[in-house]
Amino acid sequence: MNYLPIFVDLKNRPVLVVGGGHVAVRKIYALLKADALVKVVAEKLHSSLQILVNEGKVEWLAKAFEASQVTSSYLVIAATDDNALNQQVFDTAESQQRLVNVVDDQPRCSYIFPSIIDRSPVQIAISSGGAAPVLIRLLREKLEALIPHNLGAMADIATRWRSAVKTQFPQLTQRRRFWEKLFTHQSFQRLTENHQIEQAEALVESELQNNNPVLGEVSLVGAGPGDAGLLTLKGLQTIQQADVVLYDALVSEAVLELVRRDADKVFVGKRAGKHSVKQDDTNQLLVKYAKQGKRVVRLKGGDPFVFGRGGEELEILKAENIPFSVVPGITAALGATAYAGIPLTHRDHAQTAMFITGHLKPDGNRLKWETLAQGNQTLVVYMGTIKAAELSAELQKHGKPSDTPVAIISNGTLPNQQVQTGVLSELAELAEKAPTPALIVIGEVVKLQKDLAWFGKEAVQFVSTQETLWQKPTLQNKETHWKQAA
């Protein structure tokens, strides 16, 4: 981030503008909207600027620039076509530690003006840091069409009723829930759109009098395999309404960035063999936060009902009579294989896809290896790298050919995604080299990966320790290139 987006209170603060042409006029109009005390230094004034001076809205300070004029200024703007003068203004402001903007000259700007969408008192600022002003203009045009014009009226009403709402709801969570309900109320939106402010305020009063106690709830949300673009629309809406988010180790940083800024984020991650938070502790946290009247999101990598223990958590909530909902996510078996170029089913190679986990309960049922070893199917193994040797041996023992194509996808759908391909007899060796989290894919469909890979750089081949019948094993990675001698 090259610039920190901030909003500055310029009311009754002196701002020096050096220049009196049409460029200066544009900046001055914006400054006057913020009630700044604008002082102009220019040899002559644009006709529009002269009118502002005559009306007493702008002070014509002097015709020539002097360093002393900067001393008493809160902000400085240089808007002339004289490069030497602009440089002088910039150097003077910098030496006096005053923020300065030389118009259309980014290297000589300690601050810049963003593009503004004005729904006062609601304002939205957009900037590319000077990198792509045309792109920002196009974006602003799209947002102007999308953002309703009644936002300002809604915000004004909220300002007038803030004190009454705070008295009625002393807890922050209660107030937040009230405002969210009001701002999404169709009648409130319609009344403000039609400028029926008195009726809109009557609705606020009615909602205050009839408001029910705030009830807590829990939403299990699938975060998807990693790429934030794969988070569902409903998932995005849910995490942006949350008061507290309990997230696991498989949720990507990009997805966490989409969580509402003032929500509490609680890490409850665990990995096979490396438990950092016990499942029972996570269950109790869900219950505790919900009973505090909070909107709780349990954010899980992939889909909460695919090896995510989501069902176990809902059973606890059901026993405690806590309302809950589930927002499905794109599971890793779907997302990671798609990004790796491996179709799970194909008429020529696989008519069945099976998902299994390599992390079973110690006293759990054994896997049905006879079924897993059958042909014409794709086997996807979650959390299987630490059991890769056993997986390979058991499948071969029960009839799976040793030259069956396999792939290990690490960090699927993320920029550092890595795909290794080989054959079943080499699975343990491949797993040792694979970063985690990783997904194992076993089946003839892996043959297609070389031709169908589209995400990241082209796969790099390496020499295997043994011959294969279909192709040499490959490693796909944006940054890594390794070879193993025969």
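Glycine is treated like the rest: Cβ placed from N, Cα and C.
So that you can see what the record holds, here are the features copied from Swiss-Prot:
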{"type": "ACT_SITE", "residues": "D248", "note": "active site, proton acceptor"}
{"type": "ACT_SITE", "residues": "K270", "note": "active site, proton donor"}
{"type": "BINDING", "residues": "P225, G301, G302, D303, V306, T331, A332, M383, G412", "note": "S-adenosyl-L-methionine binding site"}
{"type": "MOD_RES", "residues": "S128", "note": "phosphoserine"}
{"type": "REGION", "residues": "1-204", "note": "region 'Precorrin-2 dehydrogenase /sirohydrochlorin ferrochelatase'"}
{"type": "REGION", "residues": "216-486", "note": "region 'Uroporphyrinogen-III C-methyltransferase'"}
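Apart from the site residues P225, G301, G302, D303, V306, T331, A332, M383, G412, the chain places the Cβ of G224, L250, F307, G308, G329, I330, A333, G335, A336, Y382, L439 no farther than 8 Å from the centroid of the site's Cβ atoms, the recorded S-adenosyl-L-methionine location. In this structure the C-alpha atoms belonging to the residue listed as 'active site, proton donor' and D248 (active site, proton acceptor) are separated by 7 Å.
Rounded to a whole number, the distance between the Cα atoms of the residue listed as 'active site, proton acceptor' and V306 (S-adenosyl-L-methionine binding site) is 14 Å. It is A332 that, of the binding-site residues V306, A332, has its Cβ surrounded by the most other Cβ atoms within 10 Å. Between the listed binding-site residues, namely P225, G302, G412, the fewest other CB atoms within 10 angstroms of a CB are found at G412. The separation of D248 (active site, proton acceptor) from A332 (S-adenosyl-L-methionine binding site), Cα to Cα, is 14 Å.
With a cut-off of 8 Å between CB atoms and residues at least 6 apart in sequence, the same chain places L135, I136 near the residue listed as 'phosphoserine', listed in sequence order. The average pLDDT computed over the region 'Uroporphyrinogen-III C-methyltransferase' (216-486) stands at 87. In the three-state DSSP scheme, P225 (S-adenosyl-L-methionine binding site) is classed as coil.
A straight line from the CA of G302 (S-adenosyl-L-methionine binding site) to the CA of D248 (active site, proton acceptor) spans 11 Å. Recorded residues G412 (S-adenosyl-L-methionine binding site) and D248 (active site, proton acceptor) have their alpha carbons 16 Å apart, per Cα-Cα distance. The Cβ of the residue listed as 'active site, proton acceptor' lies under 8 Å from the Cβ of F267, V268, G269, K270, L299, K300, G301, each of which sits 6+ residues away along the same chain. Between the two most distant C-alpha atoms of the annotated S-adenosyl-L-methionine binders (P225, G301, G302, D303, V306, T331, A332, M383, G412) there are 16 Å.
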